[in-house]
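Annotated in TrEMBL:
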{"type": "DOMAIN", "residues": "B:20-218", "note": "domain 'MacB-like periplasmic core'"}
{"type": "DOMAIN", "residues": "B:314-431", "note": "domain 'ABC3 transporter permease C-terminal'"}
{"type": "TRANSMEM", "residues": "B:21-41", "note": "transmembrane segment"}
{"type": "TRANSMEM", "residues": "B:311-333", "note": "transmembrane segment"}
{"type": "TRANSMEM", "residues": "B:359-381", "note": "transmembrane segment"}
{"type": "TRANSMEM", "residues": "B:401-421", "note": "transmembrane segment"}
Amino acid sequence: MLKMTHLSKVYRTEVVETYALRDFNIDVKEGEFVAVTGPSGSGKTTFLTIAGLLETFTGGTYHLDNLDVSNLDDNARSKIRNEKIGFIFQAFNLIPDLNVFDNVEVPLRYRGMKALERKERIMGALDRVGLASRAKHYPAELSGGQQQRVAIARALAGSPRLLLADEPTGNLDTQMARGVMELLEEIHRDGATIVMVTHDPELAARAQRNVHIIDGQVVDLAEDPRFHSAYVAAAGQVRG
Amino acid sequence: MLAHYLQLGLRSLRRNPMLTALMVMAIGFGVAASMITWSVFRVVSGNPIPDKSEALYTALIDNRGPQYNNAGNEPPEALDYDEAVALIRARKAAHQTLFYNIGLSVMPEGSHDLPLNASGYATNTDFFNMFEVPFQYGGAWTAADDDARAAVAIISSDLNNKLFGGANSVGREVTFDQHTYRIIGVTGHWDPKPRYFDVFAGMTYAEPPDVYIPFTRAIDLKIDTSGRNNCGGAPVHIESAEAWLHRQCAWIPVWVELSTKADAQRYLDFLTAYAAEQQRAGHFNWPPNVRLRSVMNWLDFEHVVPPESRISLFVSVGFFVICMVNTIGLLLAKFMRRSAEIGVRRALGATRREVYEQFLMEAATVGLAGGMLGLILTAIGMQGVSLLFEPEIARLAHLDFSLLVMAIGVAVLAALIAAFYPSWRAAQVQPAWQLKSN
């Protein structure tokens, strides 16, 4: 579903080159729920923005749904984002001037979908996240957890092949976070492919597979001698 | 999708109400200033008879000599009786007319009413066809009426309203200066601005004429001109009616209708030949000095557009440009404050073009609101036009449908132009950076 091979992302200034990702390799199969963890500045969000075609990369290859997306122009990338990818952001990123219904409608508008089909999909998505009754409410009238549910509904409405979540519970209290996480698990059980970036080892542990990024590279904590002892200690804490 | 963008644009007017209000005011005031001055300028500088302006010419002959001429040895702006009548009788053009200004007192029917003053023209039959005078009732008199010095008259619909309550008065009689005339026609509303054929008498922006009588009849009755009588400083001795009629003063404009440039050249040759003949006969002691000026050439030569009209238009357009520059800055601020939203929209599948179109439409709605405010301010400002212009010019300014459409159109177009750069900047927002920074 998502395969990056020897991918690199370099930010260049006149005096310095900074590698955000270096020889980055990842292969996410269809239907997988993958948690991406790593310390701040390790390149998690850069990985996610490249995976979501929001940013270009410097080297390597990236296949999304068996399509090489390395050299697509902006329009083609926008079309793929619209049709194949759903985004869930830490800060929800709802548009404050639009009510819940209109927020969920945004990606469907860009797809050129007919009004009737849009309405069916929007109400279906809102029903799935339990907010159909709040369709006419504005984001400011909702709690953080409800706003994130709306964002999830917006991501689901277009029936994407891949769901990318960037710290989806980062701005929520424990109870709301649990609710959002349960929703993501339910969506995954229904067959969605989910890649979730998180700091939280507890949330990461609920994913099918964990990928760790350190200094712009995917590392195997259990095998890499640099992190082995720390990994064993952390694993013990989680189990405890 | 454009309808959706328009809907978003209307919604966005409520966002940042202070910024929106500033932009709407900038556009509104700019549009109003421009429309008010334009409403005057378009009248004074417009083509008063577009379909015929290249076919109508005023014929001018130097009949007094270089010492009395205008700067550049320009001949007088009208003719004397002898030259005017000679040109009409020569019939060298498809149509030809001559006229002079008259002021008459009109005695309304019924003894209780006071006499009215009526101004107009003593002219010939071709006047009405050449200058496209519309008729509400009846029509123009004939060439036979001209020759017969008939006591016929044409009155304006305005005078007809005053005298006959607007009824069809053709065939009825009217008394001008104690002489009775049979009404043969009633004109419809006719008020060409500028009144190109009567610039000489200073009637360029005057009220529409009330009455027309045959030139021959007016001469018979020795009705003097109420317009300009330019003798250019030459000595004038009027001891008799004959001397009055044949005085060497400019007081009768002559206009001819010539369909093609070749016809115009032939007529100019005729004028030159006529002046040469006068020189040979000893009437003119100077070489032929003639002119044939078309409508727009004549208006340009006479500097009909008042300088204050041109200056005020330049100033108001300059003001509008400054307003637009401010609007660009305000739009930029308004749009860039929404970088996060743009980032989200891009992430959800919007192309740069779609973002660009959305923000252009938002600007168009600001322009629409600015245009509406501009219309209100224009209507208010029209009341104050007399502070800038002479009363006879100020009365020309009015808010009509074309100005209304133009005000809205200019406002929307200006807002779109002002939004080109801010919208482009909005479309260039990098979604990844916006989403990372959140």
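The backbone N, Cα and C atoms fix where each Cβ goes, and this holds for glycine too.
Same-chain neighbours of the transmembrane segment (B:359-381): 2, 5-6, 8-10, 12-13, 20, 23-33, 35-36, 39, 327, 331, 335, 399, 403-404, 407-416, 418-420, 422-423, 426-427, counting only residues six or more beyond its ends whose CB sits under 8 Å from a CB of the stretch. Per DSSP, the secondary structure of the domain 'ABC3 transporter permease C-terminal' (B:314-431) breaks down as 98 helix, 0 strand, 20 coil.
Sequence-distant contacts of the transmembrane segment (B:401-421), counting only residues of its own chain at least 6 positions beyond either end whose CB sits under 8 Å from a CB of the stretch, comprise 23, 27-28, 30-32, 34-35, 38-39, 320, 324, 327-328, 331-332, 359-360, 362-364, 366-368, 370-372, 374-375, 378.
The list of residues near the transmembrane segment (B:21-41) in space but at least 6 beyond its ends in sequence, with Cβ under 8 angstroms from a Cβ of it, reads 305, 309-310, 312-313, 315-317, 319-324, 326-327, 330-331, 334, 366-367, 369-378, 380-382, 385, 388-389, 393-394, 396-399, 403, 406-407, 410-411, 414-415. Averaged across the domain 'ABC3 transporter permease C-terminal' (B:314-431), pLDDT for the predicted model comes to 90.
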